[in-house]
Structure formats: C-alpha cells, structure tokens
Amino acid sequence: MLYRIARAGIFKLDAEKAHDLAIQNFKRFNGTPLDIFYRQNLASKPVEVMGIKFKNPVGLAAGLDKNGECIEAFGAMGFGFVEVGTVTPRPQSGNDKPRLFRLIEAEGIINRMGFNNLGVDNLVENVKKAKYDGVIGINIGKNKDTPIEKGTEDYLICMEKVYQYAGYIAVNISSPNTPGLRTLQYGEALDDLLSQLKEKQKELAEKYGKYVPVALKIAPDLEDDELTQIAESLIKYKIDGVIATNTTLDRSMVEGMKHAEEMGGLSGRPVQTRSTEVVRRLKELLGDNLPIIGVGGIDSYVAAKEKMVAGAELVQVYSGFIYKGPGLVRDIVNNI
C-alpha cells in the first residue's frame, strides 16, 4: 500500500529522472532509520545453483543498479542476490535522452539506455565496499565504440577486473541497444567468445584460487534453431549458467499503446510469456547440464513459479519491481 502511494508520485516524473532519484535515495537512506520504508526481514529459502549458495532464489536483474551503488539497500529488501551492471571497460554516457519509457497500461518498460555506466573500475570499488551477505553477480558488456570483431577483448578485460569480487559473472550479448551486439549470439562469433571466456576463467581460477561461474544472458527474439545452437555451444564450452531472457524488440503485445513505437528493448509483463517459452525450451535442450536463471515479466509469485516450473532454478525481477515495489520480493520469497 505504501509503495502504491509513493508510485503515484514517482510516475509523474520522467522515467529516467525517477530512476536516478530512487538510486540517490537508496544511497542516502541505507543504514539510517529511513530504510524502514524498504527493509524486509524475509525467511531464508536457501538454494545452491552453479556451486553457489543463495539465501533465496529471487534476485535483482542487471540494469537497475548499473554502477553497484545500492547493493546494500537492495539486500535490505530481501533479494537473495543482486546483479549489478551492465558495466563496460571504459565509462560511457549511453544513448541520447529520452531513452527510458513506461508503458503503464501494459506494465512494461522500453529502454534504449545503451550501457550507460561509470566503467568497470568504478563498479569494482563499489562492490568492494558493499556490506552485503548475499551473492553479487556482475554483468559485463562491451563499449559502444569497440568494433564488434574486437568485442571479445572488452569482455575479457571486464572479466579479469571483476573476477575476484564477483559471486558470478553474467555476459551480456543480448542487449538490443548496442549496435551489432546480438550478432555475438550466433555461430562462430559465439563459439569464439565462449572458448576465450572459458580460457580466461581457468587462468583466473588458478591465479586467485577461486572458481567464479560464468552465465550467458540471451535474448527472447531467437528462432528455435538459434536456441538449439546456443544450447549446444553452452554445453560444449561448459558454461556455468544461462540467463533467459533480456528485453524484446517485438511490439505485438503493446500495439497502439503510448510509447509502443519507441526504439529499444521492451521488458515487463509483455515479455512474460515469451521469456517463459524460452526457459522451457532451453530446459529441454540443456537438461541438467547447466542451470537457467529466469527473467522477464516476473511481477508476482505466480509468474515466478511459472518460470521455475518451466525449468528456472533462480529468478530475477526488474520491471515488475518498478511497478510493484519491494513487496514483490516478499511475495515471491514467502510463497516460492
């Protein structure tokens, strides 16, 4: 109820200004009496996935805390894990504004942010300072001005810098807002990326005496033969997990709505069904070879359960959290 009242005011603001204000307030309130407005003491629902123990299976998806500024605040809300980023080797401002739009009647969001972030070094410092007893995933990407044929180098740079501070590393090759990025999901480009990531992972595991799992984040806009090829590559290169899915370019669910024609990736309830279909198909293809983290339109316990029945072992929320607030985390954790 409290969040519903607050949301009415928040939604009067431009979407990106509201996001920035929320991040500022989470930083300001954390550890003060004011964090009572979002702090939740939830029951432990431990699960082990990718060799990591999570205190519950509900995580924050990447994109909300790009620079790792509010890890403790999100932990206070009850998330079992927090995925920060996407982060790139060098700071970049992202695409031109406006670049974030609410589709309120569909409970969706369109973004064309373009990996705006303060760079991997800044994020690492924030992660090192965070006092959070959950799992921190770090989502990595490539800089916009890095040619796609050299994109693997950016992922390896980020991987080396975040490795010893990450609970797991998420490799984002599925954002529609960086030109050419999604081509890394296919054929030889994918195989080359995965083989080099595994080599680097082995090297870093020996260097630090610590094995950090790597998960690949994929798009929902894939044909069945493309999903099949991705699954085969994930198994071939012994990737530790897959995150399904990122945002969609499909607008069939929101035709005629305000902002529906804006360029960018659509998230929230409109992508719920398709992302669940991808999770289900991946489970058929992967079997027990590697776990699936389900994300896309999770806005209730029922939606989270659908992802898990389809084959996900962990779930993540983002758009649903924007529309429902911290109570969504409580609802899922208490009923899962």
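Placed from the backbone N, Cα and C atoms, the Cβ positions cover glycine too.
Sequence-distant contacts (6 or more apart, same chain, Cβ under 8 Å) of Ser175 (active site, nucleophile) comprise Thr86, Phe115, Gly141, Leu181, Arg182, Asn246, Thr247, Gly265. What Swiss-Prot records for Ser175 is active site, nucleophile.
Counting every protein chain shown, 27 other Cβ atoms lie within 10 Å of the Cβ of Ala62 (FMN binding site). When secondary structure is read from DSSP and collapsed to three states, Ala62 (FMN binding site) falls in the coil class. Swiss-Prot lists Ala62, Gly63, Leu64, Asp65, Lys66, Thr86, Asn139, Asn172, Lys217, Thr245, Gly268, Gly297, Tyr318, Ser319 with the feature FMN binding site.
Sequence annotations record features per position, and here Swiss-Prot assigns substrate binding site to Lys66, Asn111, Arg112, Met113, Gly114, Phe115, Asn172, Asn177, Asn246, Thr247 based on sequence analysis. Look at Asn246 (substrate binding site): DSSP puts it in coil.
Least crowded of the binding-site residues (Leu64, Lys217), judged by neighbouring Cβ atoms within 10 Å of its own Cβ: Leu64. For Asn139 (FMN binding site), the number of other Cβ atoms no farther than 10 Å from its own Cβ, over all displayed protein chains, is 28. Within 10 Å of the C-beta of Lys66 (FMN binding site) we count 22 further C-beta atoms, all protein chains included. A separation of roughly 7 Å, to the nearest angstrom, links the Cα atoms of Asn139 (FMN binding site) and Asn172 (substrate binding site). The distance from the Cα of Gly114 (substrate binding site) to the Cα of Lys66 (FMN binding site) comes to 11 Å. Taking the mean position of the Cβ atoms of Lys66, Asn111, Arg112, Met113, Gly114, Phe115, Asn172, Asn177, Asn246, Thr247 as the substrate site, the remaining residues of that chain whose Cβ falls within 8 Å of it are Gly63, Thr86, Gly94, Ser175, Pro176, Thr178, Gly264, Gly265.
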